[in-house]
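> To start, I am sharing the structure in question, which I have written as structure tokens.
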């Protein structure tokens, strides 16, 4: 039975979509790994090899959908969709929760199973490209560099400019208080 690897990118971001990818490889591809362990250049090279040598699907959940449904429900919907699209495959999701879908899970699967590593790369590269496009619309937020994650620069931009249309309004930023200047 073929393995269908599943992973997501953007889950913990403060802005932008979450991308969830599923991938069945037609042939082995050398160098697959957890996307976070690869350079951006290598991820892009592998992205093109993966898209040419696999059957894959990438699902995006907007910041509005994440705010309305929650991350768990978004992931549950993606996993159920992948069960239909990749019927007959053994589905393996990187993590420790299957969100009630019956999909198999494995912690650090993106570094252990090449199909999950491929899904990790598909999700990360596709989401990063979207965030670079948003950077052109909101250059003051620096999305090109931090991709919407809660870096110091991103938190400072939120303090200075407020949230924008791709901000996740439901995310509470712990230990973040805009500084107040006393006169």
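Each residue, glycine too, has its Cβ placed from N, Cα and C.
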> Looking at Swiss-Prot, which one out of 94, 128, 135 binds divalent metal cation in the same site as 7, 8?
94
> Applying a 10 Å Cβ distance cut-off over all chains shown, what neighbour count does residue 7 (divalent metal cation binding site) have?
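Neighbour count, Cβ to Cβ under the 10 Å cut-off: 29.
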> Within the chain of residue 8 (divalent metal cation binding site), which residues six or more apart in sequence place their C-beta under 8 angstroms from its C-beta?
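Once residues fewer than 6 apart are set aside, residue 8 (divalent metal cation binding site) is near 18, 19, 20, 21, 75, 78, 94, 123.
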> Including all protein chains shown, what's the count of other C-beta atoms within 10 A of the C-beta of residue 94 (divalent metal cation binding site)?
23
> Determine, for the divalent metal cation site, the additional residues of the same chain whose CB lies within 8 Å of the mean position of the CB atoms of 7, 8, 94; present them in sequence order.
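Filtered neighbour residues, in order: 6, 9, 20, 21, 93, 95, 109, 110, 116, 119, 120, 123.
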